[in-house]
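J.: These came from TrEMBL, pasted as-is:
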DOMAIN    5-183  domain '3-hydroxyacyl-CoA dehydrogenase NAD binding'
BINDING   GLY10, ALA11, GLY12, ALA13, MET14, GLY15, ASP33, GLU92, LYS97, SER119, ASN143, LYS274  NAD(+) binding site
SITE      HIS140  site 'Important for catalytic activity'
DOMAIN    186-282  domain '3-hydroxyacyl-CoA dehydrogenase C-terminal'
Amino acid sequence: MTIETVGVVGAGAMGNGIAQTFAMAGFPVVMQDLSDAALARGRATIEKSLERLVKRDKIATDAAEAALGRLETATDPGALAGRDLVVEAIVEKFEVKAGLLGKLDDICGEATIFATNTSSISLTRLAAASSRPGRVIGMHFFNPVPLMQLVEIIRALQTEDAVCDAITELTRAVGKTPRVSKDSYGFVVNRVLAPMINEAINCVYEGLASPEDVDEMMKLGANHPMGPLSLGDLIGLDVVLNIMETLYGGFDDPKYRPSPLLKQMVDAGYLGRKSGRGFFRYG
Ligand code: NAI
């Protein structure tokens, strides 16, 4: 099972980072999105990221140019035909992702592997929406993709061993570290991380300490590089709430109950860095 060509669906925060990662590792990539404007934004983000890497001496100028040369963009999903692997990073809605998988079944050849970057949807349910469930797998990249080392590989119940092996090997080939998880709510990273952030929010909610002090305590006492509230602001508090709701609803266990303060922050529009204000202020 050889993977030589890649398609990425979605040119947003994750999609453009995933496309950049494959292009930098030498794979011809076509990045597909619904509009030219979304593709232009995605390409501009990749160009800026490559420029930064050159400035910091992480890659040579000609390597950055070569990576850009391997990147095509398209609004027509037909451009994904003939790709060995298609990774989707579109909106986090089951119906939309399932619809896309159905469409890809018609566009792509029998051997194509379909990977999804979903952060919370059941891989097994998604695989069931494809006519080739054995070839569906989760490739969960982390934000910002060019900098983050891990790819959490999620096996649906139906995923074939050979597909899992090929994706594990490919992850290493693009310079990332693969770790495999079975399909479950939140997989591994978010299952551990989101409740920790939620608990830090509860500490603030209950008046135990200020946001600054909670973060400082976790940095100095647990050796975390960033405090949990700053991390929640970075991820987006709406995203954290979404993950907690997935865990709470999925496991039906009160230990995953979202903090009332987390809900209020989201209701107030204090979503973190992206809205200029979360537990801290930005910009
Ligand atoms: P985003 O909103 O930045 O980008 C999504 C892109 O997909 C948009 O450009 C949109 O136009 C495009 N799109 C929507 N429907 C499409 C379709 N049918 N065909 C082609 N393009 C389509 O979203 P983001 O943050 O990049 O998230 C993408 C996926 O990655 C989601 O499933 C999310 O849960 C997951 N994820 C996000 C992380 C993050 O930190 N943002 C981390 C890990 C996973």
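Each Cβ is built from the backbone N, Cα and C atoms, and glycine gets one as well.
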J.: Quick check for the class: what is the C-alpha distance, in angstrom and rounded, between GLY10 (NAD(+) binding site) and HIS140 (site 'Important for catalytic activity')?
T.: 14
J.: List, in sequence order, the same-chain residues at least six positions removed whose CB sits under 8 Å from that of ASP33 (NAD(+) binding site)?
T.: VAL9, GLY10, ALA11, GLY12, GLY15, LEU39, GLY42, THR73, THR75
J.: As a test of reading the model: what is the averaged pLDDT for the domain '3-hydroxyacyl-CoA dehydrogenase NAD binding' (5-183)?
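T.: Mean pLDDT across the domain '3-hydroxyacyl-CoA dehydrogenase NAD binding' (5-183) comes out at 97.
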J.: A 10 Å Cβ contact count, applied to the binding-site residues GLY10, GLY12: which residue has the minimum?
T.: GLY12
J.: What does the structure give for the C-alpha distance between LYS97 (NAD(+) binding site) and HIS140 (site 'Important for catalytic activity')? Integer Å is fine.
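T.: Rounded to a whole number, the Cα-Cα distance is 15 Å.
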J.: Which chain-mates of HIS140 (site 'Important for catalytic activity') that are at least 6 residues away have a CB under 8 A from its CB, listed by sequence?
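T.: Those within reach of HIS140 (site 'Important for catalytic activity'), by Cβ under 8 Å and sequence separation of 6 or more, are ASN117, THR118, SER119, VAL151, GLU152, ILE153, ILE154, PHE187, VAL189.
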J.: Using a Cβ cut-off under 8 Å and a sequence separation of 6 or more, which residues in the same chain sit near MET14 (NAD(+) binding site)?
T.: ALA89, ASN117, PHE141, ASN143, VAL145
J.: So if I draw a 10 Å sphere around the Cβ of ASN143 (NAD(+) binding site), how many other Cβ atoms end up inside it?
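T.: Here the count is 14.
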J.: Can you count the other CB atoms that lie within 10 A of the CB of LYS97 (NAD(+) binding site)?
T.: 21
